[in-house]
Amino acid sequence: MARGALRLALCLAVAVCLCGGGRNAERKVVGVYELSRGRDFSIKVTNWGATLMSVILPDSKGNLDDVVLGYDTVAEYVNGTAYFGGLIGRVANRISGARFTLDGKASTGCGHRGFSKVIWTVKEHVAGGDSPYITLYYHSFDGEQGFPGDLYVYVTYQLSPPHVLTVRMNATARDMATPVNLAHHAYWNLGGHGSGPAVLLRETVQLLASRYTPVGDAATLIPTGALAPVAGTPYDLRAPAALGARLAELLRRGGAGVVGYDTNYAVDGGGAAGSSSSLMRPVARVRDGATGRAMELWADQPGVQFYTANGLAGGVRGKGGSVYERYGALCLETQGFPDAVNHPGFPSQIVTNIYIASSAHATRRLSLSCAVTVVSSYIDLNNS
């Protein structure tokens, strides 16, 4: 196959089952699919959870590494609880008490069977050219996870030159209003997926956000409904800073129960969630000086959840036998604010027909865009 051409292949069929929303069960095969551009940029995706399994990138010397945490097999994703690389929905993040009221009707939205724990249908793939892609589809039926209305969700992963990964998520509600907040839960370590906290904590991080949403309890992480300035707090990452130093300050000053960053930031200039008129804007930048890899995130969503893999305490065995530890990766999930359905002052996540979102990541400039009834994420991954 010619250099730069897409290699999109079903590498592993691990299961065949009858799935669906009760009314329309269908036969689905779970597999692993690879997209490649040339010899130095490739990803793997599984239709279990529309999950991003790997991102292979060069460093400044041309050495290739996988820079996202994950597992070797789909079976491990099925049984795992870290949600590595999964597409999170119908409503990502938290809802207080798993309850909300919509159009005067109380609803319960909860459970662990979100979009990252279902089988998606592979709808289309292009096996050549400069922009290979794969599109997956999922029908979330009325009442699934306790949410009202049918929701039709598409996600497309696409590679573009030189090292651009675009993830577009589209969710359409056709029969009734419903809350929608999609997010992509990739765990990044620019030194390599198995390089651990020693490498991650030397990386510099910048978040272009002057405010965050404080929580009432570090255990539940439910926002109080306020927006607080980051100035003078350990949450201030407006200027590039060594993550290890900022994390140490957070652990000293963060208060009872705080074990790391798991914080929603209000992106400067952020528009309303679900608004198709929202403009893309820079959200975050991450750089690893030793490898020369860097990442720049762009988004059209109002918030970004910054997470330092606190839940990996005790270790999780991942790809190639690597043991992933707390602070061994970071997540930057562009999305609406947590518990927005219960806070009228937060940007609305109620969708009546179409939901669009956008977000971005980079390796000199990783531009990842994510949108809602179009979550459009594009990731521009380059090496310095």
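Placed from the backbone N, Cα and C atoms, the Cβ positions cover glycine too.
These come from TrEMBL:
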- 1-21: signal peptide (SIGNAL)
- N93, R94, H185, A186, Y187, D262: beta-D-galactose binding site (BINDING)
- H185: active site, proton donor (ACT_SITE)
- E333: active site, proton acceptor (ACT_SITE)
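Projection of TrEMBL feature records onto the structure.
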residue: N93; record: beta-D-galactose binding site; DSSP class: coil
residue: H185; record: beta-D-galactose binding site; DSSP class: strand
residue: D262; record: beta-D-galactose binding site; DSSP class: strand
residue: E333; record: active site, proton acceptor; DSSP class: strand
Integer Å distance between the CA atoms belonging to the residue listed as 'active site, proton acceptor' and A186 (beta-D-galactose binding site): 8
Listed in sequence order, residues with CB under 8 A of R94 (beta-D-galactose binding site) and six or more positions away: T220, L221, I222, P338, D339
Site extent for beta-D-galactose (largest Cα pair distance over N93, R94, H185, A186, Y187, D262, Å): 19
Spatial separation of N93 (beta-D-galactose binding site) from the residue listed as 'active site, proton acceptor' - C-alpha basis, Å: 10
Intrachain C-beta neighbours of N93 (beta-D-galactose binding site), sequence separation six or more, cut-off 8 angstroms: N181, A183, N264, Q305, E333, Q335, P338, D339
Nonlocal neighbours by CB distance (under 8 Å) for D262 (beta-D-galactose binding site), same chain, sequence gap 6 or more: L221, Q305, F306, Y307, T308, N310
Neighbour-count leader, CB within 10 A, recorded positions: H185, A186, Y187, E333: A186
